[in-house]
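Feature annotations, courtesy of TrEMBL:
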type: ACT_SITE; residues: A:C178; note: active site, glycyl thioester intermediate
type: BINDING; residues: A:28-33, A:D52, A:60-63, A:K76, A:122-127; note: ATP binding site
type: BINDING; residues: A:C163, A:C166, A:C441, A:C444; note: Zn(2+) binding site
type: COMPBIAS; residues: A:578-587; note: compositional bias 'Basic and acidic residues'
type: COMPBIAS; residues: A:604-613; note: compositional bias 'Acidic residues'
type: DOMAIN; residues: A:6-413; note: domain 'THIF-type NAD/FAD binding fold'
type: DOMAIN; residues: A:309-374; note: domain 'Ubiquitin-activating enzyme SCCH'
type: REGION; residues: A:574-613; note: region 'Disordered'
Amino acid sequence: MPFDSHIRKIFDKETVDVFHDSKVLLVGAGGIGCELLKDLITMNYGEIHILDLDTIDLSNLNRQFLFRQKDIKASKSLTAVMAVQHFSHISKLVAHHGNIMDAVQFPLSFFQQFDMIFNALDNLEARMYVNKVCLFIKTPLMESGTTGLKGQVQPIYPYSTECFACVPKSTPKTFPLCTIRSTPSKPVHCVTWSKNFLFPQLFGPDTVENLPQKGQDAEQDGEAADKDLMQEANELFELKRKVLDASDGFKDASFVDDIIFKVFAEDISKLLRIEDLWKSRAKPTPLDYGKYRADIGKMTDIENLKLSDQNIWTVQENLEIFTKATLRLTMRLSKEREIEFDKDDDDTLEFVVSASNIRSFVFGIPLKTKFAVKQIAGNIIPAVATTNAIMAGFSALSSIHYFINGKNAEVAARASKMIFDSSVPERFVNSSKLVRSNFNCKQCSITRGIACVDIDHMALGAFRDALLKEYHNEDDVSIATSDSRLLYDFDFDDNLQRPLKDFIGDGDVLLISDSEETLDHIELLIKKGMHCVIPPLDIPPFREQAFEEDGEKEDAETEDNMKSVVGDEVVVLDGDDDKISNTKRSLEDDDNGPMVKKVRMSVNDEEDPIILD
Amino acid sequence: MTDSKPLTEDEIKLYDRQIRLWGVKAQGDVRNSHILVINLTSVGVEVCKNLVLGGIGSLTIVDGSKVIDQDLNVNFFLDETQVGQFKLEACKSRIRDLNPRVELDTETRDWTSIVNLEEFITRFSLVVATGVCESEIVRLNGLTRRLGIPFYCSGTHGLYGYIFADLIAHQSNVKYDSQSSKKVGPIDPVSSITSVKEIKENDTQTQCCTIRNEFRPFDQLSGKFLKQKYPSTKKQIKKICTLLPAILALLKLPSYLNKLTEDVDVSANELQKQTLKVLSQLKLPQEIALKNPETITNLARQAYCEYQPVSSILGGALSQDIINYIVKNELPINNITVLDGYSDEMPVYTL
């Protein structure tokens, strides 16, 4: 009896073979990745590549079921492939340890070998990158993400359906610098101050560039405040000197007293003198350090002091921990030169927890537990096995529409749904038909092609001529790199004689604009080749593009684009009598009009933007 | 049975990412739960995996079947050298490996051969049965009702599957945006809001509601709640999918659990007849069975087939509902959800 008789009964023989003959890429071996790998193997895809740059951590083990305690610190992708050997019967498995955005390790030709790509990523940057690659090579992409009990799956069929960039994503919240430095009112302000300001000042790279520049503040509370801040920063720089001196030849711990006195008393007194700041705010109280100083070190042996992560420490305890952490970090500084904040590095975490709590105390803000501060400072996103299993299951399930329909993207796009968690009792998940791409999308509204060019020898001028010949621009074009560096236009011809390799490498993207603004902009991905092959493209007429600045539309919910629905049918999740809760993630139900989608994608961003989870 | 030792530092670190969702105390409640899983089907495997990872106190699995070739593709705890062995014995060490903190007990025999089943079930805080047919569900659910233990059952058939829940009566906390202006009082005939608290969370005004849900045992399912919700026949036909009565009908037919897939023979005609019978028992319109006839033919063809993505979704949903029950958060499935893997839809119906 064959091991795959279940699948043979569900699908017809041809379809079973299509799965066997297909090659897929799974980007990410974390929470969703482990689950997806299991699902894809048991669906009998012929070849599965799995890629991740991360290593295994203890806090992964509650959901990343392919990893064990003994695997901590090992490569996720390599460990995952080892862990599934015993149940992989047909799939050839290939693990890659690396960053998906590394074009040297993973050039375009790497992506081109796959029939489909599955994203199981934890950060926006990598998601956008894979989305863009998929647009260039027109490969279907199953995008997925989870945050706690929330999650979504979005099948993307390039140019047939919305791409990942079509709906603006919410960006992380930012605070005005002045709030952080002078007028905090919430615990998060104090955590940000101690992690992003005090910590790097004392233990970060030893450069003057770290000093805040005049005029950086988004919100000015008067010139005086600004001037004072400059001075404050300069004085902190002096403290850094003391830390460095102390780390050099460790003698006494009095420099910690100086730091505490300076940042929690003296600086606060200075802030109090800027009366403008306190017209509509409660005044802070400088720390009366003398009250606590005598007892520091007396509580217990300072090295062994162990306080619970779950309880809020008293001011005395926070000062104790602050002293302890500062001394430890200072000693480490002699070997490590500079120390970066890492939520899993206990010295750095305890420093940030205690410093932010002492500052909170000074400003009359509630103190927080170490557990809570770790979440804020480390940008920790809750995660559970179940949501990952559900969303990975839907991602795997969505992929079948492409393979049971003869790999026809249009047909698959009509059959596929976008899935996201439901908050109403009538359904376990929300599913909605895929919609056409957003006309104003920065990513998929642009005409794209792949040019094979001998970049080592071909001069920019010859490349320009080849473009003009292929696209019949009336007059001239301008050429820029994807990071908006202008290489050529009609009054900037300095570079024409230089070879392309001086500006770009294999896999880079060039933006080509028509100087007469007759034809629309195009993007060409440059592949290193022997000759010069410019792809024939059907370029639409020029149109003004709303290139709004990033962050201008912070909230995806303000975007109410009416989109045409794939297929003839307009799908309305009519729930006129369903009790649709008015939460952020519910669908707007409307019996008469087309569906207006209001989805906030969870992006599951961890602190380090390139960690794959 | 209940040990109320606080979580250790190591446990807090291991379960960090989920403790951030439901708190240290609730994680302690998870650790105090003793769960019975009957039948190690593909969806049973997923449930075991999720519960063990989540850190329940103990898991007991009952299964008396032996590994056959077709299991290799739907049970990732197995390898091909284990064909012919008892399935549970073959899976045991890999399940234990997932999380050695969870106490794992195995009963390698058919659950129907347990002599004093009622006494056996008494020691569990929750019972999950997978791959069981109607008469078996009624028997188990009868016992759990009598003992006051929550009960779930689930099954998959190709791209289709279901979850049924009987939590008897359950109160849970659900958070809503303040704009939803929830008020104390009945939501529908099976649930009501018993208290509303306004809280401020991460700068947003939130309503924390305590919601009470009443459940029915499997032998008392009724169409009256759906008829109240959708008073017109037209609406009932539109809102209720063919899959709901069809999958209930399949449970009435003889079971092919652990049989060779090649030997499974469910006639589409017979299934349709049973589907119509289910609808008349529930006093729901017959047109529900007729609007999507291909669902019935597909379901008949795919009956008792297991497919990993479907098991992953149902196993995930079922385990999450169990954890929600333990930590008393979120709305429970009240009381049946069906998954259609062709349309990616998963409606929840109150029967």
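Glycine too: its Cβ is placed from the backbone N, Cα and C atoms.
Note that TrEMBL annotation is computational and uncurated.
Location within the structure of each feature annotated in TrEMBL.
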{"residue": "A:G28", "record": "ATP binding site", "Cβ neighbours (10 Å)": "31"}
{"residue": "A:G31", "record": "ATP binding site", "Cβ neighbours (10 Å)": "30"}
{"residue": "A:D52", "record": "ATP binding site", "Cβ neighbours (10 Å)": "29"}
{"residue": "A:N62", "record": "ATP binding site", "Cβ neighbours (10 Å)": "23"}
{"residue": "A:D122", "record": "ATP binding site", "Cβ neighbours (10 Å)": "27"}
{"residue": "A:E125", "record": "ATP binding site", "Cβ neighbours (10 Å)": "13"}
{"residue": "A:C163", "record": "Zn(2+) binding site", "Cβ neighbours (10 Å)": "26"}
{"residue": "A:C178", "record": "active site, glycyl thioester intermediate", "Cβ neighbours (10 Å)": "20"}
{"residue": "A:C441", "record": "Zn(2+) binding site", "Cβ neighbours (10 Å)": "19"}
{"residue": "A:C444", "record": "Zn(2+) binding site", "Cβ neighbours (10 Å)": "24"}
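Non-local contacts of A:C166 (Zn(2+) binding site) by the CB criterion (under 8 A, 6+ apart in sequence, same chain) comprise A:S437, A:N438, A:C441, A:Q443, A:C444.
The average pLDDT for the domain 'THIF-type NAD/FAD binding fold' (A:6-413) in the predicted structure is 89. Under 8 angstroms separates no C-beta among the binding-site residues A:G28, A:D122, A:E125, A:C163, A:C166, A:C444 from a C-beta of chain B. Of all the recorded positions in the list A:G28, A:N62, A:E125, A:C178, the shortest Cα-Cα distance to A:C163 (Zn(2+) binding site) is found for A:E125. Apart from A:C163, A:C166, A:C441, A:C444, the Zn(2+) site neighbourhood in this chain, defined by C-beta within 8 angstroms of the site C-beta centre, holds A:L135, A:E162, A:F164, A:A165, A:S437, A:N438, A:K442, A:Q443, A:S445. Residues in the domain 'Ubiquitin-activating enzyme SCCH' (A:309-374) partition by DSSP class (helix H, G, I; strand E, B; coil) as 44 helix, 0 strand, 22 coil.
According to its DSSP assignment, A:D52 (ATP binding site) is in a strand. Taking the C-alpha positions, the distance from A:D52 (ATP binding site) to the residue listed as 'active site, glycyl thioester intermediate' comes to 38 Å. For the pair A:G31 (ATP binding site) and A:C178 (active site, glycyl thioester intermediate), the C-alpha distance works out to 38 angstrom. Between A:E125 (ATP binding site) and the residue listed as 'active site, glycyl thioester intermediate', the C-alpha separation comes to 28 Å.
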